[in-house]
Structures are given as C-alpha cells and as structure tokens.
Amino acid sequence: MAIANKNIIFVAGLGGIGLDTSREIVKSGPKNLVILDRIDNPTAIAELKAINPKVTVTFYPYDVTVPVAETTKLLKTIFAQLKTVDLLINGAGILDDHQIERTIAVNFTGTVNTTTAIMEFWDKRKGGPGGVIANICSVTGFNAIYQVPVYSASKAAALSFTNSLARLAPITGVTAYSINPGITRTPLVHRFNSWLDVEPRVGELLLEHPTQTTLECAQNFVKAIEANKNGAIWQLDLGQLIAVEWTKHWDSHI
C-alpha cells in the first residue's frame, strides 16, 4: 500500500520505535496521520508537522485499556473528520513483568479492543469499506525471552490474534499483518523488570548482543506497510525485514 495520500491512525506513535516510524511515515506523504497516545508530546508532534508540512498530523490522548465503547466514541470523532481511514497501526506496549495485569491489558487486550472498535466502521458486513491493520507484536511471540514470560506471552497472543484477523479478511474485508521487532535499542529495553526478579540484569544481558536502532526498525516498518501483504508475519531484526514462514502444527479444518 502506497502511503501517499492515505489516512493513517497510529496508536502509540510517539514511543521509541513509534516516533521514528511516524517520522518515516510523514516523509512518505500520507494525507493524514492521526496519533493516539497515552502521553502528549507537543514537541514531537511539532517535529512531525515540520518534516512534511503537507501532511496533517493530529493527536488525541488515548489509553488502550479503556473499554471498547470509549474507543468507538473516539473513532467516531476521527472518522467524522477524515471520512475514511486506510490503515490502523496498533503499537502500544510495555515491558515490565512486575505489572502482570497491565502488561496483558496493554500488549494484548488493548490491541483486541482497538481492533474490535474499528470494525464498527470497516466491517464490510456492516457496509464498511474494509481496511488494513498492522499490529506491532514481537519476535518474543516466536520464541520467548523466558525471563519475561508475561511480556512474551502477551506478544504471542497478539501475534495469534493478528494471524486470525488475516484469515477473517474474506468475511470482514479487513486485512492484517504483524510487525515483529527484534531487540531494538529503546528506553523499553535499557532496564526492565523480569518476572519474580528471576534475572535482574535481563535488559543489560540482551544489550550485550547485536541489536538494531529504532531508525532501522522504522525504515523496515514502512517497507512492510508498502508491501501490504495480508497475513504476513514480518520479522524486523538487525536492520533486516524478513517474511517469516509460519510452521503449522495443527489445523481446525474449518
């Protein structure tokens, strides 16, 4: 999907990977970039507007843990202004296995709820035009960082949800793919809590191995958006974009 002249909603578009991705997106010339984030960052919004003044960049405060009804209300406001939305990026995430309930609420339930809410506007069974969803998951959804099992499990759940969305596209008209970054040098991984403090140095240990920058990840993210492949499982690791071939071990046959 060419980004030029598209309307894009980016949940958590002001974080580490999120902000660099927002920068790369505005360079590609969408018509509108709507950023939904828990924390306002006027400086970042001003920077995005300055990168490409032809792009309309707007911000709405948003916490992905709110009920679906509240998200739907916010989306009604956005759709009323834009008329159409082409792409939803679900990017909210936390890495802190001390916060078990919040990790699941942000990393998994929030993605499900935001997706559920936008279906009210996109689902072709309701007369909607369809749309595209890019869910930011993680390579830990493939193989866990076992010292942070709650985080890893939440990302595996988000990946499974995304794979199902892609299979449902013939019914809903909404396509989906997952973005799975490897270890990326962001504040998220510099220091974080392992589950039950099983490894207090887990963040430091990860950074002793090869990593990637947020810019490298963001540039490959834009390439994945442009590829627009329904059901794709994109691995963004060490500056490379790799299409993962998922191994099927079981099938429901329905």
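Glycine is no exception: its Cβ is also placed from the backbone N, Cα and C atoms.
Keep in mind it's a predicted model, so treat the numbers as computed, not measured.
Under DSSP, ILE25 (NAD(+) binding site) is assigned to a helix (H, G or I) in the three-state scheme. Swiss-Prot lists 10-33 with the feature NAD(+) binding site, giving similarity to another entry as the kind of evidence.
In this structure, SER138 (substrate binding site) belongs to neither helix nor strand by DSSP; it is coil. The number of other Cβ atoms within 10 Å of the Cβ belonging to SER138 (substrate binding site), over all protein chains shown, comes to 27. The feature substrate binding site is assigned by Swiss-Prot to SER138, with similarity to another entry given as support.
Per Swiss-Prot, the feature active site, proton acceptor maps to TYR151; the stated evidence is sequence analysis. In sequence order, ILE94, LEU95, ASP96, ASP97, THR103, ASN107, SER138, THR140, ILE145 are the residues of the chain that are 6 or more apart from TYR151 (active site, proton acceptor) and have a CB within less than 8 Å of its CB. TYR151 (active site, proton acceptor) falls within a helical segment according to DSSP.
Secondary structure from DSSP puts LYS31 (NAD(+) binding site) in coil. Sparsest Cβ environment among the binding-site residues SER22, SER28 (other Cβ atoms counted within 10 Å): SER28. Around PHE10 (NAD(+) binding site), the C-beta neighbours below 8 angstroms that are at least 6 residues distant in the chain are GLY18, THR21, SER22, ILE25, LEU33, VAL34, ILE35, LEU36, ILE89, GLY91. LEU19 (NAD(+) binding site) has a Cβ environment of 22 other Cβ atoms inside 10 Å.
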